[in-house]
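Asks: What follows is a structure written as structure tokens; I'll ask about it next.
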Amino acid sequence: IVVMLASPAVMLALLMLNILIIIHLLSVISQNSAGQFFSSGHTNNWAVLVCTSRFWFNYRHVANTLSVYRSVKRLGIPDSHIVLMLADDMACNHRNPKPATVFSHKNMELNVYGDDVEVDYRGYEVTVENFLRVLTGRLPPSTPRSKRLLSDDRSNILIYLTGHGGNGFLKFQDSEEISNVELADAFEQMWQKRRYNELLFIIDTCQGASMYERFYSPNIMALASSQVGEDSLSHQPDLAIGVHLMDRYTFYMLEFLEDIHPASKTNMNDLFKVCPKSQCVSTPGHRTDLFLRDPGSVLITDFFGSVRKVELTMDAINLTDPIKQMEEDPVNGEEQKEVYSYADQLPVSEIIHQKPKQKDWHPPDGFILGLWTLILLVFFKTYGIKHLKHIF
Amino acid sequence: MGLLSDPNRRRALISMLTRLNAPICVVCYFAGVAWFMGLAFEPFTLRTYMSENAMGSTMVEERFPAGERALATGREFAAHKKKVGGMPVDWLVKNMQDRGLEVFTQSFSRTLPFPDENKERYIVKGTNVYGILRAPRAPRTEALVLSAPCSPGDNNNQAVGLLLGLAQYFRNQIYWAKDIIFLVNEHDLIGMQAWLEGYHHTNTTGMSWSPLQGRGGSIQAALSLELSSDVITSLDLVLEGLNGQLPNLDLANLFYAFCQKIGVLCTIQGKLQRNDWDSVSGYNHAVQTMMLMVMKQASGRPWGDHGLFLRYHIEAATIKGVNSFRQYKTDATTIGRLLEGMYRKLNNLLERLHQSYFFYLMPSLSHFVSIGYYMPAFGLLAVILLLRALDLWVQLNTPPSTTEDGVADIDQVRHTLLSVLTPLVISHLTGVALYALPIRFQETAVEHFPVSETEAVVLTAIAIYTAGLALPHNTHRYYIVSTVPDVRGWRVLKLVAVLYLAVLLGCTALINFSLGFILALTLVPLAAFVTPHVPKVLSAFILVILSPACTLLFSVFFFQELQDMPVSFQDGWLLYLSVISQGILDHSLYGSLVYPLIALLVYPCWLLFWNILFWK
């Protein structure tokens, strides 16, 4: 009633107010979508894919790893960001009736070996020590770039392990094992060295869930093909080749991944549903308590793909002005960052008795003072107090 | 105080031991025999299973197509064999070369110590022909062998044909990781021995052979084929080898697994498996199968060409094709597929077969008894000997009724031990005579008696054996000391003899359980009961019945019964003579140890007991 009685000027003012409100809301919304656009927080993707078993009858483990490698490459992670470790060469094994191929489907439908496979660690180089060195980055300076995991604190890393395992361990090459405690400690080292932003750990072995029980570093999500006490089963044999070609969990995961393309929005909850007990016979498990984001908001391509965030703009940006240095202004309210300096790990000067560095002068300790007092007291005790006057 | 150091308890134990000795021995004996018979009862056996991970299950695709062509090749081989009158070496060499193998020959010759009447040969000269299929991509470090014997007459032609057919098929495949050697050996075991000695650069039996020009690598497994008809109804697996050695059970498991997959009837000892283990006839069947295996293992001869591979730690078996009157017939293509499947699985091996058992008994092809289950049967029999020894020791240590002073006692003990030495030495010299003399004096025997060389050897052996029975009447004169003949002397001799027998049978049972068990069955009772005080005539008769020679005679009759081919006494006796001659031949040709064991060790031991019986 009040509005209807208002004059046109008041109405105009109200209209302007509405428009302002709408614009404000719109900006807020755009800010939210922009926030969502950059919600994952990672800028690059890495993958470490490991097959730990050798011998011809473990063909399926190599096929598992190669199929994950193929999916990850297809979704965009380049070879320079993939560390592929294969413990044995199945493609060129003397017993392979189709040399230079590794098949993942029977009747030889899908050759996962292809002609552009880059294996970084091969044969006897796949050891527990090398695997842990790759993860933690403690490699000798002569290691080539292709064998290093050069991740930083904005990298999302996918780690896939397959082979023969048991309750709390994974067998490497028939001669050694890695335990779940070692793996958890390696991930903690990675966290402390800021070598990952988020980590997805997938393991396809018997009793695989035992391997992620001990993780304690943040931002790790883990998937396993079977629980403790269960065996992961192989999928199908190929009679012409004479071995089992894939394990069930990885087979159904591969089928799931074949539907993912770089722009798909499928999230981790769908990955958790891959291979239910009816298909896999074992019960797959997952662990998300260490992960900070909600798994429903984590895209598959956050780990399996290397999706570059692209911001399209129609505005022209003027670059003719010289670029001014931004001055550091402590008054701005920003926190003053501490200046870090390296601890002196090798004090050479002290070792070879050179002139020591100038240190700040400290007043003498109480200990030295006490010692001198004691000496003086003893002196005066022996020689009598009357000698004091000779001093003063 | 402890159980054994407290004198009261000790006396109580000793008195219990002496009182109950005979009953416990009898109980142990029957328990041992019952345990052995119980081994064939199916709930006490285990099902066979594949132990080697690398061989895995039978999931290969067999695609061998050329069974008919293989049979045609076999017929061609038979024709050439008849034309040449022996092994058609040139035809075989050309044929193998046409199939793309690297072909080599080896000639060998051997003069047998005396003519072999079973196979009618004396001076043996022959040639082995073998072709090597090199693995396309693998280094030449390992090999598999497929062999077929070249037998005179119409035997085993199809085996050679199938071998050549498989060679051609295998040559076209690229998945071989080991070299495959296709061997056709002449004069079956003698040729095989020559080939193996040449391959491994050993010369243990004094054969002369030409060195092998081509070689494959260390042999991982070998199969020998015996196939004499175009159509077969079942396949028989032969496992027993030289000196009772058996191949790894995984080889039998592999064969059985493929038989089931392809659907061929498979037998062992020629007997088909039955499902009714809880009925009496089913149990009988299983016992018969097991006893056949025990008999064959105890004889120590190789029952197929594969038997000589086992000595070189190469797992080998013989597959025999049997054509009997059954409805379902299998053709050569199916057998070829079975062999193809087995060789593809053997190809997957990474190391020698070692995961499964080396010592076992098989009451049927799908069930087995391992050494842990059958050894207690022998152990119960050996316990009898130990109990007897303990009893004798106790008797020796209780002072006699007329006590003498310590010095004379010690003298007596020493003299008793020395006097024990005399029968021991004489028995062993007789054993050496039994071992060496038959072959050495066969010419003199042939001069003086109207017999052939083989008969001369065998009859000399039997003569020396019987002459040994006359010994006790003479050994008394050769005692070294002339003190009062000791009444207790026989106890010392028996103690030594019983312990000697226990050690001997124990060692034999470890290597060849069947031989040890059969000898124990007969020798342990006589060792237990024989003393100078038992009725002489009856005991002498029983001792002769239980002696190794008579055990062998009964075993021959029993073996023929088990194979459902009972023989009359005349034929049985002739068979017995031929068994002795084969035993002596096996020893000199292949190094079988059964004849030396019986002649040099078991027979002297038995003579010691004969000596005790006639102790004065």
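Backbone N, Cα and C define each Cβ position, glycine as well.
Pulled the feature table from TrEMBL, pasting it below:
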type	residues	note
ACT_SITE	A:HIS164	active site
ACT_SITE	A:CYS206	active site, nucleophile
TRANSMEM	A:6-29	transmembrane segment
TRANSMEM	A:366-385	transmembrane segment
Asks: How many Å lie between the Cα of the residue listed as 'active site, nucleophile' and the Cα of the residue listed as 'active site'?
Replies: 6
Asks: How many neighbouring Cβ atoms, not counting its own, are there within 10 Å of the Cβ of A:CYS206 (active site, nucleophile)?
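Replies: I count 22 other Cβ atoms within 10 Å of it.
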Asks: Within 10 Å of the Cβ of the residue listed as 'active site', how many other Cβ atoms can be counted across all chains shown?
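Replies: Result for the residue listed as 'active site': 17 other Cβ atoms within 10 Å.
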Asks: In terms of DSSP three-state secondary structure, what is the assignment for A:CYS206 (active site, nucleophile)?
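Replies: A:CYS206 (active site, nucleophile) sits in coil per DSSP, no helix or strand.
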